[in-house]
Every structure is written in structure tokens, then in C-alpha cells.
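Mind looking over this structure? Questions follow.
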Amino acid sequence: MQKIMHISVLLSPVLWGLIFGVSSNSIQIGGLFPRGADQEYSAFRVGMVQFSTSEFRLTPHIDNLEVANSFAVTNAFCSQFSRGVYAIFGFYDKKSVNTITSFCGTLHVSFITPSFPTDGTHPFVIQMRPDLKGALLSLIEYYQWDKFAYLYDSDRGLSTLQAVLDSAAEKKWQVTAINVGNINNDKKDEMYRSLFQDLELKKERRVILDCERDKVNDIVDQVITIGKHVKGYHYIIANLGFTDGDLLKIQFGGANVSGFQIVDYDDSLVSKFIERWSTLEEKEYPGAHTTTIKYTSALTYYAVQVMTEAFRNLRKQRIEISRRGNAGDCLANPAVPWGQGVEIERALKQVQVEGLSGNIKFDQNGKRINYTINIMELKTNGPRKIGYWSEVDKMVVTLTELPSGNDTSGLENKTVVVTTILESPYVMMKKNHEMLEGNERYEGYCVDLAAEIAKHCGFKYKLTIAGDGKYGARDADTKIWNGMVGELVYGKADIAIAPLTITLVREEVIDFSKPFMSLGISIMIKKPQKSKPGVFSFLYPLAYEIWMCIVFAYIGVSVVLFLVSRFSPYEWHTEEFEDGRETQSSESTNEFGIFNSLWFSLGAFMRQGCDISPRSLSGRIVGGVWWFFTLIIISSYTANLAAFLTVERMVSPIESAEDLSKQTEIAYGTLDSGSTKEFFRRSKIAVFDKMWTYMRSAEPSVFVRTTAEGVARVRKSKGKYAYLLESTMNEYIEQRKPCDTMKVGGNLDSKGYGIATPKGSSLGTPVNLAVLKLSEQGVLDKLKNKWWYDKGECGAKDSGSKEKTSALSLSNVAGVFYILVGGLGLAMLVALIEFCYKSRAEAKRMKVAKNAQNINPSSSQNSQNFATYKEGYNVYGIESVKI
């Protein structure tokens, strides 16, 4: 039977006209459809077949037109009337409603319409659409709104707006009414964004959208674009097709969205219709072959049933209806009404049936009565009925326990979309990823973390990579979010597990879990070459100033020792010969001449002994304090010498952010879209503000699209570029080959990575609890060690330091050898000079002695012997210096 019905539906209205046009059982019905109402027309055709009877058939005459064009509507209506139609089904808008109602009242032609209800009394107009005013006012009172914006489409009439304004005046509501019906389609997106930005300035976060589906979708798109669909905003969609719009894109934003639904999909009658509706071929019936139907299409479908029931009732009452001879000119003056039109109007108003939109019944004015409208709210798991409104009961809330934001029911049967970003070591493609599918293609810290979170929360998930490869920032001009944050905000993903920094601007549009990793902004530079120790690196343990002070102290001590030795009588003594006899000379000697004082001080400083020592108390005091001084200096020097000689040092040109800000030779930048750039842009600290001023004006640009690009730029810059990034990533890259980058200085700030979910998502609390549990169990630390250090390619931090400090190279002590060789050479040179000097002096002495011998040969021998001994003693023994 269903197959036969399906085949019969495919018969075109033209064929019906040819077959039944001359039959007395054929009832001509007019149809005025606006262009683009494909689904409504398909529902009309299906109703024509579905509700046809053996007693008679409805034969349609269809015109497609612009309902906003009164001239086109007039021509079409008159054309239908002249064809002898019994009733007309059609649509109108604000511009054509008066034309149609005027013709209907004048010509007595009934007009059945699913368009918006009109105010006042219009005979011969049958309103299929229930009035929404009562339900809307009840919902406003239920939410206790006293201040809100009302966006209305003037093409739908102003009756609902007037009712709201009347109630506002009575109850002292503050209503901002804005007409969006006249917005230019070419600039509608820009104008919608501007409109909501103006509302934001007025703190208007409660908005009623009194528009049809297409305009609501356009507005919602721009609301999402500028991020006004998050927690803290509440929208009421004031039409009867809450589920008709594309709710998926706003479902996970966090904003409260409420509305009204006339088609109850839980009703068995609706379910049966949808089952048949979904089997129709869309090519033959545009808009069909779906599991949903627009409320205007549902009203159209049951308008056919209303007409069928009306004519059936007339047949039962044996009232003969005929247009033979009554097909006149609608523009005749005076107009000639159809005599039997009153009977048809009465029959239509008396119809009472159960349809897709509930109980269908009309009052004497052709308006719907005894109807029920479902009250809907949008939750993260889809639209949910919270109650209903009727003329008798008014608003009744049936959902006594609203689902909390922590409700995870339904997740078991849903695959959660996890957005992330390719960033080592958080998420990486496996080497053989081309041979794998799904989540198995990825590896990394966040991949393991996602598996742990899913295990604790009990849901299935699918990893997806952010389309633009960015973390998420809002464009300053368009206010559009990009990256992973954008995918959460615009409903493309359910959760983001990635190195996503928790920031204030992001927290305004998405929810974050507790941090799963703490970090801060750090500086990455190219690792400088290890500095080779200098020839005189043994001097490094003490500063240049200390060495100079030691030299001056050495000279000063030697001079003081020389002086006190000269002034102290206890430092002088007489010379003795080897046989113990006292010398015949009355002169006393002093061992501490200037050169011996220098020699004593040098020997004490070098921790070596000396053949002479002070005899006087004053001299010994000088020697004692000098020994104490040298003890401390030499001990300190020795303590530092090992470190300076054995450890290879790397001299970094930059040690902190202050160093970067004070120079321009080394460029520095951040990721072009991320929290690091936002930190510098918003910072009020002088150093960071100065760095931001440089970065935003630098040419070429110092910003990079990805972290990999930033690292490559550091490595290729030969030390002329520094990259500012999170410390965790900096530490990881430092452990990867070619091991040529390093982190310098401390962290510039303190922050954390968190798992992000859309505002108000049911995943928020379970994910947060899972992170805390993993932290307490030490799983997060194990994951970090696994991906940072266990898989490192540059060795553990400070590994091998003991081996490197245990051996010295020749370059470490080359200076000591140079001094030794220099000292030996100097000694040889001094010895040569002494030899030459002595030889020359001896030659002169021998010459003088020979001349003296010639003059006094008798006494020359003894004098010569004594002089020779005395002179030799003075030269090679203890010198005697007179002052």
C-alpha cells in the first residue's frame, strides 16, 4: 500500500488537471507560493495525494511569485479566481497581506495560509499558524527578564512587537526594539556584527529574535563570529520552528538558547509522517527525504487536510458547491462576490482535526484556538523540551529537574571530537602513519593524555588537527576566533587537548580545566660555541683588580720590610769569619736590603722557604701579616682554579629579557597567533612593553606562523634571532638534535596549559576531575619524563660533567708553561749579563792592580789578597748597602 501511495504521489498536478478537470468530483484549489518555498510546495503536493478521497479530488493551480510584490499578487489572485477555484492556499507578507485580505473579503474567496497571524478581523482568511504572543510573554515572565533587546522582522508584521511593548509599559520592562527586516543583504553580515557590538556596549545580553529561519541563521552566524554565543548570553527565537534552524553551530557555545516548537517529533502521528517523508525522492520533491520538516511545511501539509475535511463536510451536508458560471473578473466594478463562498468559509472554520502541529481548530475569525506550543531549550546534547504553553494552562514547565552542566549521559554513544595541533612532543605523526588510521596515526604527550582522560571519563573520541594549525586568537577587526579556540567556539569540536595556554580572553569564550602543566615564557637562542680557555686562564679565578692589588701589596710589603729592617737596631749584626774570630771592621750588616726584601716577600707569597728571616719584632710583624694575607689569597685562588681550568664555559650574549630589550643586534619574536604574543601586547611592564614596541614594528617581521618555523629561524640566524616561547617547549627542543639551541634566563611569567571545552559543556567537570586525579597519581609527571627526557637525543641534563671536569688539556695550562719557559730564558739572559758585567769589572780590577804593583811592589801582594776576598764577598755573598 505504501508503495502504491508513493507512486501516486509522483503524479504531477498538471496530469491531475487533465484527468479530473472536467469531472464533477474535481475541486479546483489555487496555490500562491513564494519563490524558494520548495519544501512547502512538496508538502502541499504530498497532502494533495495523501488526503484525496474517492468522493472528490483537489486539483491545484499553482503560481510561483514574489509575495512582496503587490502587483504580482494581484495578478495571480485574479488569475486563480477567474479559473474558478473554490479556495486559495498561499503565503503573504507585510506588503501583500492587505491586498489579499481585501480581495478575499470582497470576492468571498477563502484564503488558507501558514503565514503570520494578522491582527483584527479578516473574513475569509483562515490562519493555520497559531498566535505566538501569549507564549512569548509567558516565557519572558518565566525567565524574569526586565531588560532585553527585541530584534524583529517587519515583514512578519508588528503584532507580536506591539504586544511586547504593551506589556513592557505595564510591567516597566526596558526593551530595545530593532528592526532587522530592512537590512541590506549585501552588507547584512557587517551590519549584524555592528548591531550586536552596539548591544554589547549597552550590556544587552538578553535578545529576542522575532524572525524566520533564514534570517535567524544569518544572525546566529554573526553572533558566533563575534563570540556572543558564550556563557552569559541568552537568546529567545520567537518563531514556531525552534529545531528548523542550524542549532549545531551554537549548541556548544555556552549561551542559553530558548524557543518554541509547534511540530512535536515525539508524537506518533508526526513520527509516521516523517517515516514516509524521508522515503520520498528529493529530486522529485525538493526538501523531502529528511528526518525533519519545517513548521511552515507542516502547516502547509495540514492545510490540505483542512480543505479536504471542509469539502467532505459540505458533501455530507448535501450542500452543492459549484463555480460554473461564477468565474468572473475580480477587478470588476462593482465587484461581484461568489455566492457560495460563505458556505466554504463556514465549513473551513468548523474543521477540527489532529495534525502535525497538534489540535487544529479555528474560531469564528479563522484563527487557531485550543493549540499547544512546546517550550524548548538548547542543551549541549541537543534541543530539549522543558514545558508547553496553551491558552488554558498558560506556561507549564514539565522538566522538573533540568540537566546540570556535569551530566555526561549520552557520551557512551557519542564520539567526542578532540581538536589538537601538531606540536612536538605533544602531538606528532608516527613514522608509519600512512599505514594507520584514526587515532593510531598520532603519538605524543597529549595523545597519551587524551587516552587517559577518555578512560577516566568513559567516552570514545576522535583526534582531529586544527584546520589552520593555530592555537586560537581573536581577530581585532572581525572579532573572529581562529585555531582550536575557534573550533570550540563555533561548535566544530567538543574538547581541545593541546598545549593551550589558559588566558583571560580565552576563558571568556571557553572553559578550561585545572592546569595539567605549569610553565612560563622563556627565551630560546642558538647555543654559542664553547669558549676555549685562554693561554693565561690560570689567572681567571681572581679578578683583574685583585691581581693588581696583589702586585701593589707585594711591592708595598717589600718596601715596608726594607724600611723597618733599616730602622730597627735588632736587624743589624756584625760579620764573622769562618774560624769564629770577629772581624776587625767596626761596620755592621743588614740582610734585608731592597732586593732581599723583595725576594723574601716573593718566597712567602709562593709558599716557599727563604734563607733569611726577620730578626726584629717589627720585621716579624710585617712577615706575619704577609703570610696571613698570602694564606687566604692562595687558598681562595686554589679553590676556584679547578673550576676555571676544567669546565668549558659557553659565553651567552643574552642572559635575560632586559638584555634583549637593551639591544637591537639580535632580533626576537613570538608565535604570530598565541598567548605569548598576547602577553607582550597586554603587558604594562616597561621592559615587556618596550619589547612589544620593537616586535610589532620590526622589519622583516619577527613573528612566525608555527613553533617549528621559529626554531628553524633560531638555528639559521647564527645567533642573530631569539625566539620567545613556552619554557616546556624550549626545554624539549633543547633535548632534540642537532642540540644547538638553549634556554637562557628565567621564565618571564607563570601560567599553565589546560584542557578546553565549550562554555557550559557537560564534559567540563568530568575532564577537570580527571586532570586532578592524574596529577595526584603522578601520571602527568611520568608522561612528561617520557616525552621530554627519556626520549631525549642530547643526553640527560648535565650528563657527563664529571668526565669533562676530570681531565685538563694543554690549552688549560699553556700559560704556565709559557711563564716557565720565559722565566728560564730570562734567567739565562740575566746570567749572561752578569757574566759579561763581572768579566768586564774583573778586567778593570786586574788592570788597576797591575798598575799598582808596578808602583809599590812590596806591599801589593797582601793588599791584593784582602781586597780580592772583600770584593768577592760583597759581590757574591751578603751585599752591604749604605743609606
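Every residue gets a Cβ built from N, Cα and C, even glycine.
Owing to the predicted nature of the structure, the values given are computational and were not obtained by experimental measurement.
Take a look at what Swiss-Prot says about it:
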- Pro499, Thr501, Arg506, Ser675, Thr676, Glu726: L-glutamate binding site (BINDING)
- Cys78-Cys330: disulfide bond (DISULFID)
- Cys739-Cys794: disulfide bond (DISULFID)
- Asn256: N-linked glycosylation site (CARBOHYD)
- Asn370: N-linked glycosylation site (CARBOHYD)
- Asn406: N-linked glycosylation site (CARBOHYD)
- Asn413: N-linked glycosylation site (CARBOHYD)
- Cys610: S-palmitoyl cysteine (LIPID)
- Cys836: S-palmitoyl cysteine (LIPID)
- Ser683: phosphoserine (MOD_RES)
- Ser717: phosphoserine (MOD_RES)
- Ser860: phosphoserine (MOD_RES)
- Ser863: phosphoserine (MOD_RES)
- Tyr876: phosphotyrosine (MOD_RES)
- Ser880: phosphoserine (MOD_RES)
- 867-877: region 'Required for interaction with IQSEC1' (REGION)
- 1-24: signal peptide (SIGNAL)
- 25-543: topological domain 'Extracellular' (TOPO_DOM)
- 638-812: topological domain 'Extracellular' (TOPO_DOM)
- 544-564: transmembrane segment (TRANSMEM)
- 617-637: transmembrane segment (TRANSMEM)
- 813-833: transmembrane segment (TRANSMEM)
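Have a look at these and tell me how they're positioned relative to everything else.
In the three-state DSSP classification, Thr501 (L-glutamate binding site) falls within a strand. Non-local contacts of Thr501 (L-glutamate binding site) by the CB criterion (under 8 A, 6+ apart in sequence, same chain) comprise Tyr471, Gly674, Ser675, Thr676, Glu726, Lys751, Gly752, Tyr753, Gly754.
A coil conformation is recorded for Cys330 (disulfide bond) in the three-state DSSP classification, outside any helix or strand.
All protein chains considered, the CB of Cys739 (disulfide bond) has 14 other CB atoms within 10 Å. Annotation note: Cys739 (disulfide bond) sits in a coil segment as assigned by DSSP.
Within its own chain, Asn256 (N-linked glycosylation site) has Tyr233, His234, Tyr235, Glu377, Leu378 as residues 6 or more apart in sequence whose C-beta sits under 8 angstroms from its own. In the three-state DSSP scheme, Asn256 (N-linked glycosylation site) is classed as strand.
Residues near Asn370 (N-linked glycosylation site) in space but far in sequence (CB under 8 A, at least 6 apart, same chain), listed by position: Asn359, Lys361, Ser390, Glu391.
In sequence order, Trp599, Phe600, Gly603, Ala604 are the residues of the chain that are 6 or more apart from Cys610 (S-palmitoyl cysteine) and have a CB within less than 8 Å of its CB.
Within the same chain, no residue at least 6 positions away from Cys836 (S-palmitoyl cysteine) has a Cβ under 8 Å from its Cβ.
For the recorded site, Ser683 (phosphoserine), the DSSP three-state label reads coil.
All protein chains considered, the CB of Ser717 (phosphoserine) has 15 other CB atoms within 10 Å.
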Just counting, how many other CB atoms are there within 10 A of the CB of Ser675 (L-glutamate binding site)?
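There are 24 such Cβ atoms around Ser675 (L-glutamate binding site).
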Let me spell it out: for each of the recorded positions (Thr676, Ser683), count the other Cβ atoms within 10 Å of that residue's Cβ, using every protein chain shown. Which one has the most?
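Counting Cβ neighbours within 10 Å, the top one is Thr676.
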Can you see whether DSSP assigns Asn370 (N-linked glycosylation site) to helix, strand or coil?
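Where Asn370 (N-linked glycosylation site) sits, the three-state DSSP reduction gives coil.
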Over all shown protein chains, what is the count of other CB atoms within 10 A of the CB belonging to Pro499 (L-glutamate binding site)?
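Pro499 (L-glutamate binding site) is surrounded by 24 other Cβ atoms within 10 Å.
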Helix, strand or coil by DSSP: which one applies to Ser675 (L-glutamate binding site)?
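Helix, per DSSP.
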Report the residues of the chain - excluding Pro499, Thr501, Arg506, Ser675, Thr676, Glu726 - with C-beta within 8 Å of the mean position of the site's C-beta atoms, for the recorded L-glutamate site, in sequence order.
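In sequence order, the nearby non-listed residues are Tyr471, Leu500, Ile502, Thr503, Gly674, Lys751, Tyr753.
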Which of the recorded positions Cys78, Cys330, Pro499, Arg506 has its Cα nearest to the Cα of Cys739 (disulfide bond)?
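Result: the closest of the recorded positions to Cys739 (disulfide bond) is Pro499.
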Using Cα coordinates, what distance in whole Å links Ser683 (phosphoserine) and Arg506 (L-glutamate binding site)?
17
